[in-house]
Amino acid sequence: MELRICHLYPDLLNLYGDRGNLMALVHRAQWRGIDVRVDEARLGASPASGAHDLYFMGGGEDRQQHLAAADLRERKREALLDAAGRGAVVLAVCGGYQLLGHYYRSAEGEELIGLGLLDVTTEHPGPQTRRLIGNMVVRSAWLGGRTLVGFENHGGRTRLGPNARPLGTVVTGFGNNGEDRTEGAVSRNVYGTYLHGPLLPKNPALTDYLLTLALRSRHGPVALASLDDSLELAAHSAALVRATSRV
Amino acid sequence: MPSTLRLAPAVILGKATAVASRALRLGGGTTMPGRVARAIAPDIMQRLAVRLPQGCVVVTGTNGKTTTSRLIHHILRLAGVSSVHNRAGANLAAGIVTALVQHTDWRGRPHGKIGIFEVDEATLPAVWDPLQPRAVVLTNLFRDQLDRYGEIDLVAGRWRAVLDGRPPGDTAVVFNADDPLVSEVGGRFAGTTVPFGINDVSCGTGTLEHAADSRYCYRCGVPYEYTVVYFGHMGDYRCPQCGTRRPAPLVAAEGVQLAGIQGSAFTVRTPAGAAQVRTVLPGVYNIHNVLAAAACCLQLRVPLETVAHGVETFAPAFGRAERVRVDGREAVLLLTKNPAGFNEVLRTVVRATGPAAGVVLIAINDLTADGRDISWLWDVDFEMLAGHVRSLVVSGIRADDMALRLKHAGMSGSVMTIDGDLGHAWDAALHAARNGEPVYVLPTYTAMLQLRKILQQRGLVKGFWEE
């Protein structure tokens, strides 16, 4: 069995340890004897439609996000629309999440048009408003009410439209906009979130859930063997404690 | 009370605060005196700085501030110039005022001839006008504590704002030519500029590592082409579209010979001639620190021989390749703050241990001074440690995150010991070391302070404000 991953803009959208997400996906598949191929799609490249089971996109600074936005529409749109249609997994974090929505309006009022794979819009209220920064804990109905832990750092405020469900409810932290206690967005197998830290290594239940979905899109239903997750769970617990302590 | 009358009380109360904070064991008192003095006389920084007969020098950037400013201090001392220096590394405005207050008598007369201030990269705009520096040294810009400083483009933007349109005056901007972003910013200055850099392809690592930040041309957005990469995004670069390239360094290192943890030897080529130097500071990143200090001191008209002598006789700053001896064993403290710095430290450890795998202690905290976001650990190339470590002790507030990162870097559980208690972790690491074999200790900033406190209680090192 082979898992095919497409890493979008590995050298451009790679803030906040985003490659840790790739490591978690690749290693947790390999530790179960699943072959993994990772293709990188940089600026200018157009991945072939249907070639991948999971697409990952990280976050970047404003300038990098600007460079990625136009390229995403011109070179990657087709492959990603196809992926969303056939149930392949698309996971995007922070800046990448914003670009999967309808648009991102920057602090200076400039509008970056997104792919519209998620029914969300993001607006930065302006340079004087506070960034939403800190440890975050989210409770996710997608994982049977389990917690997700990580760190958020974003200026944009994201609002969900009627066709997007939140990834979870904020327990501690700000989430999408610091107001409605939603965090992230899900539409079929397309996932967007502000959780980095990075997201996947210390949230192994989510990682395995995404792996299962991705493999299913090509190979039909699969059952993943269990792994020794003692270090993962210790890091998860430590992050829970950190998010709720005052120091 | 008019502010002119407030200077003496501000100085006296500031000094009293320092004495009190030590007596009450509140710590080194490296910022509180400055806060108190500024509350009484808000313009005190400018009023004390202007009394320094030879003006002052400012060192800023992500990495290398403390080592570079200490080198400058050391070289100037050999040149017979005494200085006022925030040497404990408190580099926000309050820390600078603290240093000024402590080195001023109650009538407001400074004890030193020149000020040497390491300045937080985001604080540079706020101190330029009050300090009117003779030289501003820009070391480098790396991703660092994104939760605190924001993105490096923001920091670069602040520097641009302070340099753009500033009349030449008598300030010289000394900047790192090997860093494309710093070069772009430094090159904008209308006055004297002194680029420094390494001219030696043998220092290259071949490819841009994962943590490299500024890989796209600031003007065109296309990737730079590198003929050599030293580390991070440092190297000899050129934009294939607009032709922007690394400026030729005026102060350059050539013929570099790296000697692992023992330091390096190289030739410093300058407009005033060339000198062969040897430094105990390890790693390629410290060559940049030496060049920055040398370029700055030459700009202050220190003779090249004195500069070279200063480099040779310099002992490292606390936690920066500092060696601690315990019962015939040796620990080398290597401060780690961000991916680029951590990678250089790891490369230095790997070069030093070679095929004989060594003992490493990593301590990761996530307090404000460390950066509360520890995701940067995933941008560090810990993979290079595989096969070079016999025993790895993991500690600090985020020990579990660190252990998980190391698991993904291929480190097996049999090599790793996890102990959140730093004192216990230190004992475990020393216990694992064989006689004569050094332990490499890689702490974040507050973990290093914590460890030094433990070692101080055990009588192994001095307090950092006593140095």
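Numbering starts at 1 and runs along the chain as displayed.
Using the three backbone atoms N, Cα and C, a Cβ is placed for every residue, glycine included.
Across the domain 'Mur ligase central' (B:59-201), mean pLDDT in this model comes to 89. Summarising the annotation, TrEMBL assigns domain 'Mur ligase central' to B:59-201.
Secondary structure at B:Cys220 (Zn(2+) binding site), taken from DSSP and collapsed to helix, strand or coil, is coil. Cβ environment of B:Cys220 (Zn(2+) binding site): B:Cys239, B:Gln241, B:Cys242 lie under 8 Å away, each six or more residues apart in the same chain. Annotation source TrEMBL lists Zn(2+) binding site at B:Cys217, B:Cys220, B:Cys239, B:Cys242.
B:Asp373 (active site) falls outside any helix or strand according to DSSP and counts as coil. Per TrEMBL, the feature active site maps to B:Asp373.
Taking only the Cα positions, the spacing between B:Cys217 (Zn(2+) binding site) and B:Asp373 (active site) is 28 angstrom.
The secondary structure of B:Cys242 (Zn(2+) binding site), as reduced to three states from DSSP, is coil rather than helix or strand.
Closeness to chain A is evaluated for the recorded positions B:Cys217, B:Cys239, B:Cys242, B:Asp373 by Cβ distance, with values under 8 Å counted; counted residues in sequence order are B:Asp373.
B:Cys239 (Zn(2+) binding site) has a Cβ environment of 19 other Cβ atoms inside 10 Å. Take the mean position of the Cβ atoms of B:Cys217, B:Cys220, B:Cys239, B:Cys242, the recorded Zn(2+) site; other residues of that chain with a Cβ within 8 Å of it are B:Tyr218, B:Arg219, B:Gly221, B:Val222, B:Tyr224, B:Pro240, B:Gln241, B:Gly243, B:Thr244. In terms of DSSP helix, strand and coil, the domain 'Mur ligase central' (B:59-201) has 56 helix, 29 strand, 58 coil. Other C-beta atoms found within 10 angstroms of the C-beta of B:Cys217 (Zn(2+) binding site) number 21, with every protein chain shown included.
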